[in-house]
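*Asks:* One structure is given below, represented as structure tokens, and several questions about it will come after.
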């Protein structure tokens, strides 16, 4: 798979500070990521109580009143039973996976068949649920404030909206405290009027059971059951608010903790619908109480009317009943609306963070969600409540059907990965399993709603969509073989509870919340990954991106020349224009439904007006769509150009850095060479001046006859030794110069190995005997007779090492041993001399460097022997090692490859001695450009001539 590679990205300080700020979970409450185990510090009871607060919404009683008054008790009650069963069964797997993996509904949807971008649509569905019910609850509170305290509705709307923000801002911490403080008074006020009415029984219950509704339907009518069930089913997305809190459940470790965990899951997760269903039933009952008290059906379905009449059954004091009603509704509204606002802020955070790669903070989306709710209140949400709930129920049913099907069918069958993957780095943008099944469900549901399948099935359109999406999910999963769940294999780190530091925000995260980013060449947390807009998903293949997926589909459907246009700018224009048209149509339809409620409105004329308005608005929408498409295209082009120029600039910077490093290294080498040259010149100067001073001094003394005859012989010996030293020094310098210049010639010649070693030991035995040392030689008989090597260089190496051993051993022994195996010869020279300090072993290989041992300073030498020896060993492809202990001696070991040979060629002699053959008085022809040299040779040969 081809991947787009980008240069390593740098993180500027402002970006790191911003990402750290949005990662502050004391405010954010893990709005964009999973809840780590370390954050699940609340007790199961505290989490359960917080989640239980979501059952307090009075919209349940209102829904109960609506379906009871519209469809009658038999139809409404049967629809309620079916709704409770369906909602519980569909919500149970959602509760389980969210609580187990510590993720909210949006993150669950990402990994359960919808993909990273695909789940943005479901985030909108969920967010719409939160602000719709926020508006309903706020309107209920405003209604009671107007009824009892004569506060204007608009002011009541603002109050009911703004009072929520301070509590929700602090997230789960303050919400859990508030729910804990209010649960007892709220539960008391909730149950008190119902228990009193049940005890007093002001009217026979049988009348309530046989109530046929305002439409006076038959006892059981299929269309009535479907209509009531569709309205009741609109609360299915309440499970999202429940799991927003259940993700904080601590991970169970022991058996009793697992029982507690399951208990909370069943009662406050999917089981919320059981107390919720009782509240719907209570709404039916209280609406009937209102009807028998002469209240109009429109007023009887409102919770304010229901509970005011209910509390009047508790006390005959009207003022006290009024206070109890206000207190109960305020508590209920606060408990549920902090849940609505909190859940909405998380939904909007997830939506906008993926669309804009930006997150201004959850508190911004709290205010945004509250603002949308306030807008709906001002638009009189009550007037279109039935249509709104039915529409929401239809959309939510297709979503939840596809989601639940993936969890309980695709995962066990292996079409979907066993876990829940929510990280952007590992997901396809669109997963056809969830998106395809939900879209199919919506299309079939819409067809059913329009009456295509008959009037009866029209009432069941949400459940037709639910069934369709539920069945399509495993079919598409089987068809695609689960290829679109993971864009690449998730990184698995070894060890329990592994934590990694994010390369951007520098915070530490559990391994479930991090991914490896090739763009930043490090680990990145899921939040920073979500907010990054520069990488363009470089970690995934092109086919995992939305554009790549659209291109793949278009090329498989259309001819190439058409697909090029559809997948290009025209395709983007069509998508954006369709979204704008759809949103405009929804808005106009909502306004149309509201206006139809006004008396004396002619529907046909209104219908024509709205269609003309729709077409009139379509014209500027085409311009807006093109503007958005071209702006985006221009932005992408500028970004691509910027990336290209940045890449060139980074390459140039890297090239300059490499050049700078090479210049520094060259400078260091030059300085080192200059320093070495200086040290070399100092060493050479010292080594030359010392013998020269001796020669010049004794020559002066001899010339001026200032020495006695005995001293003259001693002076001549000093001059001879000094000249020999100078000769050896010059020869050593020439050897080093040749080696470093690469002009040293290495011969490959056949030598008699045994004879070579014999001559070598005999040559050095004289020096050993002079110093009265014990010379131990170990030359085995199984050595090869002939080997191939450079005889001269090998002799030079061994003589240097043996001479040093003899020179620096005042007493004791010098041993010389040879081993040969598999064409590798090992020469070992061991002495019992003064030894070498460990700090000097490397230094003495440098020219003119000698051991710092005091005893070695008095021993004459050039300081070049070991330098030449090591260089020669390296040239011959061998290895020289030295081990020494001060006072105990030194061991030198040379390893060289000496290939055995059986060639018939004559071996090179161990040494060459030229012998004159001829007359006893030969003639010698002396040629030299220096008269001193000619005179010296003449003086040498003079006695022979005589």
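Every residue gets a Cβ built from N, Cα and C, even glycine.
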*Asks:* Tell me which of 515-537, 538-560, 607-629 corresponds to the transmembrane segment entry in TrEMBL.
*Replies:* 607-629
*Asks:* Do you know which of 185-203, 280-298, 337-355 TrEMBL annotates as transmembrane segment?
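*Replies:* Here TrEMBL associates transmembrane segment with the stretch 280-298.
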*Asks:* Look up transmembrane segment in TrEMBL and report which of 259-275, 412-428, 480-496, 497-513 it refers to.
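*Replies:* Here TrEMBL associates transmembrane segment with the stretch 259-275.
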*Asks:* Looking at 22-45, 430-453, which stretch does TrEMBL describe as transmembrane segment?
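*Replies:* That would be 430-453, the stretch labelled transmembrane segment in TrEMBL.
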*Asks:* If you average per-residue pLDDT over the domain 'Histidine kinase' (683-900), what number do you get?
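*Replies:* Its mean pLDDT is 79.
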*Asks:* In terms of Cβ proximity under 8 Å, which residues at least six beyond the ends of the transmembrane segment (363-383) contact it?
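*Replies:* For the transmembrane segment (363-383), the nonlocal Cβ contacts are 27, 127, 130-132, 134-136, 138-139, 142, 154, 157-158, 160-162, 164-165, 168-169, 302, 340-342, 344-349, 352, 594, 597.
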*Asks:* Which bits of the chain, at least 6 residues beyond where the transmembrane segment (459-479) starts or stops, bring a Cβ under 8 A of a Cβ in it?
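*Replies:* Distant contacts of the transmembrane segment (459-479): 113, 222-227, 229-230, 233, 390, 393-394, 396-402, 404-406, 409-410, 413, 415-416, 432-434, 436-438, 440-442, 444-446, 448-449, 453.
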*Asks:* Assess whether the transmembrane segment (389-409) lies in contact with the transmembrane segment (76-96), where contact requires at least three Cβ pairs under 8 Å among residues 6 or more apart in sequence.
*Replies:* yes
*Asks:* Tell me whether the transmembrane segment (430-453) sits in contact with the transmembrane segment (116-136), defined here as at least 3 Cβ pairs under 8 Å among residues 6 or more apart in sequence.
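*Replies:* Stretch pair touches.
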*Asks:* If you count every Cβ pair below 8 Å, which range out of 116-136, 148-169, 259-275, 310-331 shares the most with the transmembrane segment (76-96)?
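*Replies:* Most Cβ pairs under 8 Å with the transmembrane segment (76-96) come from 259-275.
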*Asks:* Six or more residues out from either end of the transmembrane segment (116-136), which same-chain residues have a Cβ under 8 Å from its Cβ atoms?
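*Replies:* Answer is 57, 59, 62, 105-106, 109-110, 161, 237-238, 240-241, 336-337, 340-341, 343-344, 347-348, 350-351, 354-355, 369-370, 372-377, 381-382, 385, 388, 392, 395-396, 399, 403, 424, 427-431, 434-435, 438, 546.
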